[in-house]
Amino acid sequence: MALPALGLDSWSFLGLFLFQLLLLFLPPATTAGREGQGPTPRVKYHAGDGRRALSFFHQKGLQDFDTLLLSDDGGTLYVGAREAILALNIEDPGVPRLKNMIPWPASDRKKSECAFKRKSNETQCFNFIRVLVSFNSTHLYACGTFAFSPACTFIELQDSRLLPISEDRVVEGKGQSPFDPTHKHTAVMADGMLYSGTMNNFLGSEPILLRTLGSQPVLKTDNFLRWLQPDASFVAAIPSTQVVYFFFEETASEFEFFEKLRISRVAQVCKNDVGGEKLLQKKWTTFLKAQLLCTQPEQLPFNVIRHAVLQADNSSTDPQVYAVFTSQWHVGGTRSSAVCAFSLKDIKSVFEGKYKELDKETSRWTTYEYPDISPRPGSCSKGPSSDKALTFMKDHFLMDEPVVGTPLLVKSGVEYTWLAVETAQGIDGQSHLVMYLGTSTGSLHKAVVSGDHSAYLVEEIQLFPDPEPVRNLQLAPTQGAVFVGFSGGIWKVPRANCSVYESCMDCVLARDPHCAWDPESQTCRLLPTPILKSWKQDMQQGNPEWACASGPMGRSLGPRSRPQIIKEVLAVPNSILELPCPQSSALASYHWSHGVEAIPEAPSTVYNGSLLLLLRDGAGGLYQCWATENDFSYPVVSYWVHSQDQPLALDPKLAGIPRERMEAPLTRVGGGAALAAPKSYWPHFLTVTVLLALVLSGALVTFLVSPLGALRARGKVQGCGTLPSREKAPLSSEQCLQPSKEGRTSASDMDADNNLQGTEVA
């Protein structure tokens, strides 16, 4: 729209001048959420943000809520904390409710022994619960560090409540729980037997894979044969039909590298393994391990595995293992993380492939072809293995080929520590993989994997105001929530926050499989079961122009430029206004318009998304902040700006749109107050005014000092500015005394004190 010529009276000239100075002294604008490489969370909630409803459970005197177990019926969450085990009722909405709690502290004798071994009695010499699994419908099985003396026990259940632990049922837990609470570990119950991976000694230098409980014989890895490196660190155990897979990382022995190279592994042991009769007695006879490779082309690999889970989808013929990786190298000085998917078929295929063999003469690993032994060594065949097969297995436990994963999500500047996954069915009938990722700084990311096997981030929730790692994640599908364990308690996070999307287009652009637009209630809601086809969702493209095109959309589409509500700003002339633009999506780009034109030539600037405007004659009218996302543009907020001196009638095209008046004062140049947005720039105005006064004062002083200096220079003795005193070296006839035409500064005119002599009177 054409703008009238602006007259410059004294106040408007001063306002224009101060407005330009204000822009010079504004602090640097902040950049929104595009830190690092990889997908950006569309919506980010800071700690305490009221838009994201969270529930928090804590118990006075307890800490280190590290171990979580969901009951079979999904209504109870069992929690292993420091020296206590809790049962929480999670069926009711809101904060989880404590059913009961049983203490399980380390004995005083064990704590004294722990302190005697130079361990901290403030942070280490306690019983940290590390294993909490369901043994059957009436008992849990728990293990703890027990002040560096691991112990285990059965816990009886009665109506999902925990019965007290009997001391005579506490047994040694070596090999099932770590000694040190900081050591990583894993354990899983499969077919009534406990498979655990942990450190087996006080020093933390003897890793072990152990099978206990059940009817099968107790088996473990052979430490003498170095099947595992001394620094092996276990992160997950996943049972399959015939085998149990262990996921861990250790120092690589098969590669020559200029530094200590960490490598991620998957190992397998057969469930029907009974150990050897002569060789490998009470040892695994089916232990094999292979490299896990999670990398992008021409990039350093993500070689440190942090966690892994199996997506148990009954409809899938090829189950997938999803694992979180970081890198031991900080590329660009920042941490980076990746999520890779591994097919169980690919893992099985690698374990059926070629082996590696250590050449004892060169100390190098070489490829070994298939052995001429039947059944194949390491296979889950029935019956005892031959001595030839067992001899072969002692030295051929490493597979030649790696298991190559598919990168789904790669992000720099973040370190993922935990992972939970589920599938969600959309309106299109397709299943969509949803991942919940905990970070080392206390955030929770919700990611969705699209059809091209790449993930996008729906939201980021900062759980803690201060950085603190997520200790554990437990998904409760029947409750529609994710439970997050950390040092001080348990967070209950609803897995979707549909109500934050206020329009159909915002709901569709979010591409959250749990959310869809209900045209009847005109709200974005959780997708019901069974799915209603009349609801609006587009998981493939996120195109609101297509998804919201038909049916009653409420506050959704219509003419794109037509706002949903107009915020009326009635201000005085020459006032500095801030018109905020709520940036609900970090994936959108934002720009401002004035009517149907671009921002006018009136003094204005965009600062942190907000429009700073000096209101002058002709600068009123409709101001709109626009968002463009996924090639779709829509107005985010609309302002009708006019002055108190010359009210501007609302454009007839905007008739019928609800209006909201803004009544917050802002700076006015020349006195008075303006009505606009809630933030005041009065401090900036004062700063600019003071600086202007200082500049003017400095200029005035400079102007006055220059002539005074010239006058003073004329009054000085020519030649030397000052004459030395009598205590200094006497002046020579050539020093500083130049003959003058008037003869008043010759040596004969000076007395002994270097003073000018007067004329004698006769």
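Note that Cβ sites are derived from N, Cα and C of the backbone, with glycine treated the same way.
Since this is a predicted model, take the numbers as computed values, not measurements.
Quick look at what Swiss-Prot lists:
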type	residues	note
SIGNAL	1-32	signal peptide
DOMAIN	37-495	domain 'Sema'
DISULFID	Cys114-Cys125	disulfide bond
CARBOHYD	Asn121	N-linked glycosylation site
CARBOHYD	Asn136	N-linked glycosylation site
DISULFID	Cys143-Cys152	disulfide bond
DISULFID	Cys270-Cys380	disulfide bond
DISULFID	Cys294-Cys340	disulfide bond
CARBOHYD	Asn314	N-linked glycosylation site
CARBOHYD	Asn497	N-linked glycosylation site
DISULFID	Cys498-Cys515	disulfide bond
DISULFID	Cys507-Cys524	disulfide bond
DOMAIN	574-632	domain 'Ig-like C2-type'
CARBOHYD	Asn608	N-linked glycosylation site
TRANSMEM	685-705	transmembrane segment
TOPO_DOM	706-762	topological domain 'Cytoplasmic'
For Cys498 (disulfide bond), the one of Asn121, Cys340, Cys380 that lies nearest, given that the recorded positions are compared by Cα: Cys340
Fewest other C-beta atoms within 10 angstroms, as judged across Cys114, Cys498, which are the disulfide-bonded residues: Cys498
Overall pLDDT for the domain 'Ig-like C2-type' (574-632), taken as the rounded mean: 77
Proximal residue to Cys125 (disulfide bond) among recorded positions Asn136, Cys270, Cys380, Cys507, Cys524 (C-alpha distance): Asn136
Cα distance (Å, whole number) from Cys515 (disulfide bond) to Cys524 (disulfide bond): 6
Among Cys114, Asn121, Cys270, Cys380, Asn497, which are recorded as recorded positions, the nearest neighbour of Cys152 (disulfide bond) by Cα: Cys114
Cα separation, Cys114 (disulfide bond) to Cys380 (disulfide bond) (Å, whole number): 42
C-alpha spacing of Asn136 (N-linked glycosylation site) relative to Cys143 (disulfide bond), in angstrom: 16
Shortest C-alpha distance to Asn136 (N-linked glycosylation site) - which of the disulfide-bonded residues Cys270, Cys340, Cys515: Cys270
Euclidean distance between Cα atoms of Cys270 (disulfide bond) and Cys340 (disulfide bond), Å: 25
Collapsed DSSP category at Cys498 (disulfide bond): helix
Recorded positions near Cys114 (disulfide bond), in sequence order, restricted to Asn121, Cys294, Asn497, Cys507 and a 10 Å Cα cut-off: Asn121
By Cα-Cα distance, the member of recorded positions Asn121, Cys270, Cys294 nearest Cys515 (disulfide bond): Cys294
Residue pair Cys507 (disulfide bond), Asn497 (N-linked glycosylation site) - Cα distance, angstrom, rounded: 10
Sparsest-packed among the disulfide-bonded residues, when each Cβ's other Cβ atoms within 10 Å are tallied, from Cys340, Cys380: Cys380
